[in-house]
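J.: Copying in the features that Swiss-Prot gives for the protein in this structure:
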BINDING   CYS88, CYS124, CYS157  [4Fe-4S] cluster 1 binding site
BINDING   CYS232, CYS236, CYS239  [4Fe-4S] cluster 2 binding site
DOMAIN    79-194  domain 'MTTase N-terminal'
DOMAIN    218-475  domain 'Radical SAM core'
DOMAIN    478-543  domain 'TRAM'
Amino acid sequence: MLRQWWLRSVGSCSTVYRAHSGCSTSAAVKPKRAIPTDGLQLSDFIKESTKKQRQKAIIPSIEDTKEYLNPEDLQGNGRTVCYVTYGCQMNVSDMEIVRSIMTKYGFVESDKKENADIVLLMTCSIRDGAEKKVWNQLKLIRSNSVNKGQIVGVLGCMAERVRHDLLEKRNLVNIVAGPDSYRDLPRLVAVAAGGSNGINVQLSLDETYADVQPIRVDSASKTAFISIMRGCDNMCTYCVVPFTRGRERSRPIESIVEEVQRLRDQGYKQVTLLGQNVNSYRDMTSMDFSMAPSTSQEDRVPGFKTVYKPKSGGLTFTTLLEKVADAAPDIRFRFTSPHPKDFPMQLIELIASRPNLCKQLHLPAQSGDDETLERMERGYTRDLYLRLVDDIRHVLPSVSLTSDFIAGFCGETEQAHQNTLSLIRAVRYSFCFVFPYSMRGKTRAHHRLTDDVPEDVKARRHLDLTTVFREEALKLNQALIGSEQTVLLEGKSKRDASFSHGRIDGGVKAVFDNSKLCLEPGQYAKILITDANSQTLKAQLIGQSSI
């Protein structure tokens, strides 16, 4: 656009110059070409240049700050850090990595935001409401702080998406660190302590934190998260994740198996494997490709499409799942969040063959309407999705399916909404994560589509989706009454300490009287389901059990 404007201007000026310089010309003098009313003016470029200069002044480069820091400046020396986490399980896992890095440098954890020397917030940008919570929390932290020199840092997706907005509010934020910059936090703290902004939001093509041993939030818990890959290549039009977390890259398979073995030796009983697109995992670092499929087509469900060139070679998610299941047969394994296209039959058959691979699959549909799915660029139709569900249930008859749905996406008609409701009734999910659509900057929807569904309509459709999924979940749970299930104890009931709660293999929460056997969290129990609502099972404890 700039080049086109410059050529128009130069062409006009040169014509006028010839006319006034006495140069002979047979052509008539052309009038200066007018700039379209919807085009860019010179003032637009001046404004943009001024904005970039202001941002450059606010945001120093890494090179500007490295040269005057000594190694001892990076040490915590007992300074306290309060960690605050918002958002998904991936953010919980990321904060465990941050804890490990900061602890290594001599920083000490504190649970008091108002007194801590440093407060680090792990943030989410998936919806506008998630960001508003962080902005409100930042104001509260500053207003309640009794530490005048307190340093506040914003980490994760929001740091990547609204970096400039954060640092322009210097009274609220001192550090901005993107998802691939956590190793740099000690330096960023040192920069902020010196009175400057500390920022690193550079996305990486290879950072996986594979060598960092996380410090987990709840040391008493027997469940853990393991991040196996980062980033996403799917580019769904509504989603900001590819822009805040970058391209897909996977940890070496050996590092994941080793972490599973450590957790096994520490007594953990459930591990959830995490990734933005977890079942597209592909380890390209290992020299052992003997178990890898020869073509990428074997890794995808037939008919499902991608917006990127499919990868081939390496060790796939199916191989990884087989290795971790064999490495820790007493640990239950779950995984999230997957994409429906990455559920080949080899994966489903493996899950069926291993008792410690939970028969609970998250299958994000987002919509049950073909036109809406096309605008979302999900790469499948309603019919393809339903065929996948049928194929899964053929191999795993008792599988528990969960899903994600967006209410009121761009251009969604009332008929499209009804199509989504009918999909929920047809599939019958155990649980659905349902949210009204929130347009995010940088996404393809932001550039190409119109957020044209009124907020009150989004709210009503959101309620419809929630109501229908709960009706179907109630039917599923009531069908379990009278059956025996294996449950992994997670803790005591908040209402009655004599009762314990845990989750069955399908992921549904169960509550039961544990006063006689007094089983501890991390132990397996056999229970008899006696009652149910849409989200919880009531049960009678039969006795201790195993997988």
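If you go along the chain as it appears here, the first residue is 1 and each next one adds 1.
The backbone N, Cα and C atoms fix where each Cβ goes, and this holds for glycine too.
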J.: How big is the Cα-to-Cα gap, in Å, between CYS88 ([4Fe-4S] cluster 1 binding site) and CYS232 ([4Fe-4S] cluster 2 binding site)?
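T.: For CYS88 ([4Fe-4S] cluster 1 binding site) versus CYS232 ([4Fe-4S] cluster 2 binding site), the Cα atoms are 15 Å apart.
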J.: Beyond the listed site residues CYS232, CYS236, CYS239, identify every same-chain residue whose Cβ lies within 8 Å of the center of their Cβ atoms for the [4Fe-4S] cluster 2 site.
T.: ASN234, MET235, TYR238, VAL240, VAL241, PRO242, GLN276, ASN277
J.: Looking at the binding-site residues listed here (CYS232, CYS236, CYS239), whose Cα lies nearest to that of CYS124 ([4Fe-4S] cluster 1 binding site)?
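T.: That would be CYS239, the closest of CYS232, CYS236, CYS239 to CYS124 ([4Fe-4S] cluster 1 binding site).
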J.: List the other residues in this chain whose Cβ sits within 8 Å of the Cβ centroid of the [4Fe-4S] cluster 1 site residues CYS88, CYS124, CYS157, in sequence order.
T.: TYR86, GLY87, MET90, ASN91, MET122, THR123, SER125, ILE126, ALA130, GLY156, MET158, THR244
J.: Identify, in sequence order, the residues in the chain of CYS239 ([4Fe-4S] cluster 2 binding site) that are 6 or more apart from it along the sequence and have a CB within less than 8 Å of its CB; answer 'none' if there are none.
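T.: ILE126, CYS232, ARG440, THR443 - these are the non-local Cβ neighbours of CYS239 ([4Fe-4S] cluster 2 binding site), listed in sequence order.
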J.: Fewest other CB within 10 angstroms, which one of the binding-site residues CYS88, CYS124, CYS157, CYS232, CYS236?
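T.: Least crowded of the binding-site residues CYS88, CYS124, CYS157, CYS232, CYS236, by Cβ count within 10 Å, is CYS88.
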J.: Mean pLDDT, the domain 'MTTase N-terminal' (79-194)?
T.: 95
J.: Quick check: in three-state DSSP terms, what is CYS236 ([4Fe-4S] cluster 2 binding site)?
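T.: SS state of CYS236 ([4Fe-4S] cluster 2 binding site) = coil.
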J.: Of the residues in the domain 'TRAM' (478-543), how many are helix, strand and coil by DSSP?
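T.: Result for the domain 'TRAM' (478-543), in helix, strand, coil order: 1 helix, 37 strand, 28 coil.
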J.: Which whole-number value in Å describes the distance between the Cα atoms of CYS157 ([4Fe-4S] cluster 1 binding site) and CYS236 ([4Fe-4S] cluster 2 binding site)?
T.: 17
J.: What are the helix, strand and coil residue counts for the domain 'MTTase N-terminal' (79-194) according to DSSP?
T.: 56 helix, 23 strand, 37 coil
